[in-house]
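Chemist: Handing you a structure now.
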Amino acid sequence: MTLRHCVAVDLGASSGRVMLACYAPEQRTLTLREIHRFVNCLQKQGGVDTWDIDSLEAEIRTGLNKVCEEGILIDSIGIDTWGVDYVLLDRNGARIGLPVSYRDSRTDGVMARAIEQLGKADIYGRSGIQFLPFNTLYQLRALAEQQPELIKNVAHALLIPDYFSYRLTGNMNWEYTNATTTQLVNINSDNWDENLLNWTGVSAAWFGTPTHPGNVIGHWICPLGNQIPVVAVASHDTASAVIASPLASQDAAYLSSGTWSLMGFESKTPYTSDAALAANITNEGGAEGRYRVLKNIMGLWLLQRVLKEQNVSDLSALIADTETLAACRFVINPNDDRFINPANMSTEIQAACRETNQPVPNTPAELARCIFDSLALLYADVLQELATLRGKPFSQLHIVGGGCQNRLLNQLCADACGITVVAGPVEASTLGNIGIQLMTLDELTNVDDFRTVVTGNYALTTFTPHSCHEIARYRAQFQQKRLTKELCA
């Protein structure tokens, strides 16, 4: 029996994994095994939030070497990460400085100037991408204005997954799904938009033509001397997660739940109407020419920060405590831009409740309950915005990613949205990464074919809405909470 062994490098903003997939084509069985896990976190360098890119590369190589040490012949490798951040290279291909995190404050005020100078409708008409203050469009302008002495030495800019592929193969690539997150790709041409790039103040020569998922970038030479193909997968982690979302029909929506929550639906055409602009809907690139019509929600970033600040290590116990608390005593707008990177998340949440004359959550369970209720209510609002945009309601919501393990949040989401929620798979980004590799190896025909493999190998859990739940009755009041300055508005 012939087996295919593919390795997925899946990097998130808080952790990274090297995962080994084993696929049996005849039985269509697909298994995953974690080979190596490591921490990823922001580090301050000269007062700037940066990524320790060299440490991450070392961890990736450690994971790949571990697979080889087991005597496994790897058929291919794929890398997916978060979007918008980039690495600068000189003409010799050497790294210049450390990549700055999208959570750094250097872009403060830049988006507002772009809108004033270029026009919001023009930017959106060109890119189809939502307005987020950390988009690469604004990061590059901040770079050009704040570090002009640096850019004269730059020859190339690679997005994070493309940089790691370059380090493994020596070949540069600009993968399309991740490139679209920059707000610099023209939605009609699938190439870099000349006007938007000109506004950044950096050279268009830094960027090569974007390539769609499924091409071989080059080869990594393993310690045994074998040349292993490195595939350009859908390198934006959400794009990979959507590929692995077992969407039952065209009327199914998805929610990729992790540090960020990305809620949306698939479409063969983009949505760039005035209504889409008003709702700040994004049209990010997907596999096979599909668009990921979605909206960013701050997600479990709030919980991750609270857990760290409150020294909570047992999440299951915390959720059990949280479940005993009354719903909607404390409600915030998770997308308020005050929560993007506060000095202390717990204190910021408490301040937001205090300022709106609510009870103040003090215990870890109360803070978690505030986050879960608030996210569920925001999910319901965004799902309604998306349904209005497409002109018809959704039949199901598929929650994938690490956040889908939170049964309480899944049920609250079903109750608030009034829709059936199907949770799983957990390892959606990794699976979507593997799916593109298997298509590149000619083991699968397309995304829909791969989704049948996912449903045949991974258990899904269904959550039915309870229409009488208090959270469903609170939605009208929540609308008032959203009258704040939203990050993603």
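Every residue, even glycine, has its Cβ placed from backbone N, Cα and C.
Note that the structure is a prediction, hence the values are computed from the model and not measured.
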Chemist: Just to be sure I read the record right: G83, H236, D237, T238 are listed as binding substrate in Swiss-Prot. Which of N153, N171, N173, N296 is listed for the same site?
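Modeler: Substrate site check in Swiss-Prot: besides G83, H236, D237, T238, the record includes N296 out of N153, N171, N173, N296.
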Chemist: For the ATP site that Swiss-Prot assigns to A13, S14, S15, G16, R17, T259, G402, which of the candidates Q304, Q310, Q358 is also assigned?
Modeler: Q304
Chemist: If you check Swiss-Prot, which of C6, C22, C222, C328 bonds to C68 via a disulphide?
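Modeler: When Swiss-Prot is consulted, C68 turns out to be bridged to C222.
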Chemist: Going by Cα-Cα distance, which of the recorded positions (S15, C68, C413) sits nearest to G83 (substrate binding site)?
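Modeler: Closest recorded candidate to G83 (substrate binding site) by Cα: S15.
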Chemist: Please determine which of the binding-site residues listed here (T238, Q304) has the lowest count of neighbouring CB atoms within 10 Å.
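Modeler: Lowest Cβ count within 10 Å among the binding-site residues (T238, Q304) is Q304.
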Chemist: What number of additional C-beta atoms lies within 10 angstroms of the C-beta atom of A13 (ATP binding site)?
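Modeler: Result for A13 (ATP binding site): 21 other Cβ atoms within 10 Å.
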Chemist: Show which residues of the chain containing R17 (ATP binding site), separated from it by at least 6 in sequence, have their CB under 8 Å from its CB.
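Modeler: R17 (ATP binding site) has long-range Cβ partners A8, V9, D10, E34, I35, H36, R37, F38, G63, T430.
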Chemist: Tell me the Cα distance separating H236 (substrate binding site) from T259 (ATP binding site), rounded to the nearest angstrom.
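Modeler: With distance taken Cα to Cα, H236 (substrate binding site) is 14 Å from T259 (ATP binding site).
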Chemist: Rounded to a whole number, how many Å is the Cα of H236 (substrate binding site) away from the Cα of A13 (ATP binding site)?
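Modeler: Between the alpha carbons of H236 (substrate binding site) and A13 (ATP binding site) there are 12 Å.
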Chemist: Would you list, in sequence order, the residues of this chain other than G83, H236, D237, T238, N296 that have their CB within 8 A of the centroid of the site's CB atoms, where the site is the one recorded for substrate?
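Modeler: My list of surrounding residues reads W82, N178, T181, A239, S256, W260, L262, E284.
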Chemist: Measure the Cβ-based neighbour count of S14 (ATP binding site), defined as the other Cβ atoms within 10 Å of its Cβ.
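Modeler: I count 17 other Cβ atoms within 10 Å of it.
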